[in-house]
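Read the structure below first, then the notes.
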């Protein structure tokens, strides 16, 4: 585990894009990221986050690099801090099937930005170009390179995981609480046995195949 000093240095290193935007005259820089592009079931969720200038949040990192316990701690820390501005966007399975996952991801991001308390004047977006009236910068692997995007990734991931745990209560046979809708061996086996439920993405290959095979809830 990294020391407090090491974590503070890492936070500063990953603030380079935010600092550059501030130097260019922007004041409200929001990181934007998504969770749930790849799963076979459940919505796609986006997070947006504006971190207060001059405040260090130790441990902030790409949500995929954190343990569930670390991620939950940071999620609650971000939500409970009145100086942190967080937003979430959720796009349904029906909408994903209607317009495709990439466009649905962009819609979720736009929703997340709109749900912030304040209006950002610059966006740092993980991995894709986001058509928006607010100026933006696409950062490849941004969740590992920008603290604002990393914070947004934590918010999106934790929020979506909570949604998937709720779907598990409704459809426990699929194990949504464990794999969160991703195509694990156990999920594929359940899909083969039970067929898709209303929360499965019918435009995704394994789900589409099970429908063609006539396996339905």
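Numbering starts at 1 and runs along the chain as displayed.
Glycine is no exception: its Cβ is also placed from the backbone N, Cα and C atoms.
On a predicted model such as this, the values are computed, not experimentally measured, just so you know.
Checking the candidates 121, 126, 161 against Swiss-Prot: the one annotated together with 33, 34 at the divalent metal cation site is 126. In sequence order, 46, 47, 125, 126, 142, 143, 149, 150, 152, 153, 156 constitute the residues six or more apart from residue 33 (divalent metal cation binding site) in its chain with CB-CB distances below 8 Å.
Same-chain residues at least 6 positions away in sequence with a Cβ under 8 Å from that of residue 34 (divalent metal cation binding site) are, in sequence order, 44, 45, 46, 47, 105, 108, 109, 126, 156.
Around the Cβ of residue 126 (divalent metal cation binding site), the number of neighbouring Cβ atoms within 10 Å comes to 28.
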